[in-house]
Amino acid sequence: MLYKGDTLYLDWLEDGIAELVFDAPGSVNKLDTATVASLGEAIGVLEQQSDLKGLLLRSNKAAFIVGADITEFLSLFLVPEEQLSQWLHFANSVFNRLEDLPVPTIAAVNGYALGGGCECVLATDYRLATPDLRIGLPETKLGIMPGFGGSVRMPRMLGADSALEIIAAGKDVGADQALKIGLVDGVVKAEKLIEGAMAILRQAINGDLDWKAKRQPKQEPLKLSKIEATMSFTIAKGMVAQTAGKHYPAPITAVKTIEAAARFGREEALNLENKSFVPLAHTNEARALVGIFLNDQYVKGKAKKLTKDVETPKQAAVLGAGIMGGGIAYQSAWKGVPVVMKDINDKSLTLGMTEAAKLLNKQLERGKIDGLKLAGVISTIHPTLDYAGFDRVDIVVEAVVENPKVKKAVLAETEQKVRQDTVLASNTSTIPISELANALERPENFCGMHFFNPVHRMPLVEIIRGEKSSDETIAKVVAWASKMGKTPIVVNDCPGFFVNRVLFPYFAGFSQLLRDGADFRKIDKVMEKQFGWPMGPAYLLDVVGIDTAHHAQAVMAAGFPQRMQKDYRDAIDALFDANRFGQKNGLGFWRYKEDSKGKPKKEEDAAVEDLLAEVSQPKRDFSEEEIIARMMIPMVNEVVRCLEEGIIATPAEADMALVYGLGFPPFHGGAFRWLDTLGSAKYLDMAQQYQHLGPLYEVPEGLRNKARHNEPYYPPVEPARPVGDLKTA
């Protein structure tokens, strides 16, 4: 053994060839600060070996290196800029020394090589991969950019266009694509990986492969003519500006850095990467996006822990076909759980099957599946008008009309047709689960399972625990949601649960602004362009359905009359009374017509102005700051109340539910991350300016206490150790 660290070791293989093996405790390898330091020590040992002829890098895990240790990021990003820059210089010196070894090097890459893992293998001369490879640089999705030389080496290896596509979008690619663009030199079966890598290494040692020529371009300026460079970088900057926008500075910074570094050799190019990385790491956007990643890991880990002792349902059923039922059936079947889809008429069943078939055909058109796979999936969806086969199902989700009487009747009837241990769930969006449970003989086997539309795209499923829902029931439903590829978050029961409970105060803020004379177009523009929502409240209401919102608004008002009961006729009432239900009937705040792709396109409609004039004061202008405050304060206050009342368990789960269920702007990180970034005292000052608008603007006492003591909702993060300590971690 030449060297042994906590996460990697170095040993001789044969005749002057050494292997450097990443083998961290646990299931995966991460390129954390300790591993970077250890890698530097191992390379120091190699540099002393006069008889070294070649080096093989490999992993003892199912994945090569999944990336940097993102749990370190928040503390690392609190280090002063100068110290962070010094540590990056140290880390890059390690990878430079790996690249500069006086012998050929190869990485045998299996599974994931992402972020720092990808940057590590870019420093070797050759890369041989297995078919399960996923390799790329996802840093821009975390609000940063590659910091271990990825923005320098990748463009010089692949050419500017391919590298920009991966780096700016934070993409990873599979084995075939990696081979095609030159990111790896070959792909072999897993059992042949080491044998194949050794064969390449021997050829390089023997002079049959020119490893020095392979290495040279990575250390020189990027080979691009002035015209080629202008075209590549101009197009890339335009595309990034269009897709990422001003709220995500990392992608455009990465492109500009690669452009600026193109004319320099390795050392100066790495300095430019360092100078760009450090300021990004100190942005609120980076902290928010890293926070989302960590919250996502927390939520998924919690679901995994919750379901460790239960079996994933093997057969499911959906009550109520149509678009929602068909979407749920498709998602279950697509992920391998056969499903019975029941309705009371053929027309709805046809609609449900058509929806599932449409989604599968899209996969076929994109080349994701072939005809055989399509037929196989669709054959596991069984439409029926009766309860045939319900005695074999493990779980049933009800997705009928949002009416408590209808839901109770359907659930009670279904309970008599299934086994004693079958779990029942309701896809209600607002009706309290404990109320629906009153119709059942076995309420302990019942809970809520709130999907979001469109089911195949929206990652969140709210799992609602009723008063009598058993732990086993919750675990089984969480297991099914996870199997379906969703992110399940368990919440306690109340009208609207979590997501809709906090959404409708936001809509109430919108209605009050309209009442006071604001223009709905300006509100949408401000909330989209300035705050960052994917769609403004008027457009969102049109997509959700004005009729759906009108009904849900009444349910919420009955559930929380002290805050959500209004004493005036609002814009939603006016549009509902005029049969303007949004996209579903082509008339809402806008008029909708199908575009060339069959998608609804919004157009101005003068008729809506007359309707809104009936429920609004004369038009007046509002500042962007006031619009944002009046929209967001009611929502954030309600989010805080949900935490204080135990409806949602943690700030992390609340923020993920908002991001995954409502599209809360990721660069804000969620309501609690936004609160912490803004500061609770500053938020309180802002909210108090609008408390005259009513109870929705009254800040909960718990948040007032936070403001008094200057306490954040997320645990405070301590800066990482001084840079000198990190080098020897």
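For all residues, glycine too, the Cβ spot is worked out from N, Cα and C.
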Of ASP296, ASP309, ASP343, residue recorded by Swiss-Prot at the substrate site of ASN500, TYR660: ASP296
Check Swiss-Prot: it lists MET324, ASP343, VAL400, VAL401, GLU402, LYS407, ASN453 as binding NAD(+). Then name which of SER276, SER379, SER429, SER482 it lists for that same site. SER429
What range among 202-223, 708-729 does Swiss-Prot record as region 'Disordered'? 708-729
Averaged across the region 'Enoyl-CoA hydratase/isomerase' (1-189), what pLDDT does the model get? Just tell me the whole number, please. 97
Around ASP343 (NAD(+) binding site), which residues of its chain at least 6 apart sit with Cβ under 8 Å of its Cβ? LEU319, GLY320, ALA321, GLY322, GLY325, LEU349, GLY352, PRO383, LEU385
For MET324 (NAD(+) binding site), list the number of other Cβ atoms lying within 10 Å of its Cβ atom. 22
Tertiary neighbours of GLU119 (site 'Important for catalytic activity') (same chain, Cβ under 8 Å, six or more apart): PHE95, LEU137, PRO146, PHE148, GLY149, GLY150, ARG153
Once DSSP output is merged into helix, strand and coil, ASN500 (substrate binding site) belongs to helix
Checking your reading of the structure: which of the binding-site residues ASP296, ASN500, TYR660 lie inside a 10 Å Cα sphere centred on SER429 (NAD(+) binding site)? ASN500
Listed in sequence order, the residues of the same chain lying six or more positions from VAL400 (NAD(+) binding site) whose CB sits under 8 Å from its CB are LEU319, GLY320, VAL406, LYS407, VAL410
CA pair TYR660 (substrate binding site) / GLU402 (NAD(+) binding site), Å rounded to integer, equals 22
